[in-house]
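One structure is given here, and the rest of the page talks about it.
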Amino acid sequence: MPSLLLLFTAALLSSWAQLLTDANSWWSLALNPVQRPEMFIIGAQPVCSQLPGLSPGQRKLCQLYQEHMAYIGEGAKTGIKECQHQFRQRRWNCSTADNASVFGRVMQIGSRETAFTHAVSAAGVVNAISRACREGELSTCGCSRTARPKDLPRDWLWGGCGDNVEYGYRFAKEFVDAREREKNFAKGSEEQGRVLMNLQNNEAGRRAVYKMADVACKCHGVSGSCSLKTCWLQLAEFRKVGDRLKEKYDSAAAMRVTRKGRLELVNSRFTQPTPEDLVYVDPSPDYCLRNESTGSLGTQGRLCNKTSEGMDGCELMCCGRGYNQFKSVQVERCHCKFHWCCFVRCKKCTEIVDQYICK
């Protein structure tokens, strides 16, 4: 009997530890700036053990690649900022919480919003690591070694220092996915379905950066004659990556886990998602009202657009509760003039405008 009690207690503690780990995230590196590589003292382990939100596997990678951690933090921050831009006019606006969970309890639900957040943060890491390689900030990588594109004109040179998106992709996959791959849930369980969902969306985010990287060229020659061009691989602007992932969010596929431990479409009439698509396993919670159990902050106090019929319009944003009007003073640059040579001088103009907030 005592042995059964011990086994039950151990299982309970293991579940509690898993829940505690899941409540935190490596995303918290965005909110807690990581020291630059040159600032590390000898011996990485104490530094890595103090970083919040890392899983055991990610902590080991931190010890092996300590100089990467600052750029993982930058990538997470880039992803969060892009998330907030893309959802700035939605009921859920990608708000962050002041703790290691970053987004609060809302991320415990396998919704479309969670899918997008995983994708855009994984994309942010690929972006940051790829660029750090090009800039010579990491000892394990350098400029891109991508083969010369076949369609590049023969007289154009290939070999400028490009963004190392291959390395960025591989490292982001190893680090970001480590958290999911070390989990061991029963095959066909809801928990395993959530792991598969996260892995799919992480991959979709990484592929968005990888696929959108393109050839950039610079002209050389007397008086801008462009008699010679040097070309290299360059990352797309991250805003374009965010736009692409937002499109994937809008067309995300509803999935469920099978007994064999695979994800399948809830509606088999829809097209099977590719590795570049987002998937979700839970319906989105009600973002209209504040709900501590789901993590929804509600829309009370949010600004809305009285004349818009879209999601930012007062009718939809305020969920039919109505809105309050108030006057706001806005200061803008105006009457700008160019002076030779070479600067622009502007005046400051104030304007009183009507604004609206949800009840």
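Cβ coordinates come from backbone N, Cα and C, glycine included.
Swiss-Prot lists a disulfide bond between Cys83 and one candidate from Cys62, Cys94; that candidate is Cys94. Of the listed cysteines (Cys334, Cys336, Cys358), only Cys334 is recorded by Swiss-Prot as the disulfide partner of Cys349. The disulfide entry in Swiss-Prot for Cys358 points, among Cys318, Cys319, Cys336, to Cys318. Disulfide annotation in Swiss-Prot: Cys288 is bonded to Cys319, selected among Cys304, Cys314, Cys319.
In the disulfide annotation of Swiss-Prot, Cys341 is paired with Cys342 out of the candidates Cys342, Cys346. Among Cys133, Cys161, the cysteine that Swiss-Prot records as disulfide-bonded to Cys141 is Cys133. The cysteine that Swiss-Prot pairs with Cys226 in a disulfide, picked from Cys217, Cys219, is Cys219. Ranked by CA distance from Cys94 (disulfide bond), the disulfide-bonded residues Cys231, Cys314, Cys336 have Cys314 at the top as the closest.
If you measure from the Cα atom of Asn291 (N-linked glycosylation site) to that of Cys342 (disulfide bond), you get 55 Å.
Checking each of the disulfide-bonded residues Cys288, Cys342, Cys349 against Cys217 (disulfide bond) by C-alpha distance, the shortest gap belongs to Cys342.
According to DSSP, Cys304 (disulfide bond) is assigned to a strand segment.
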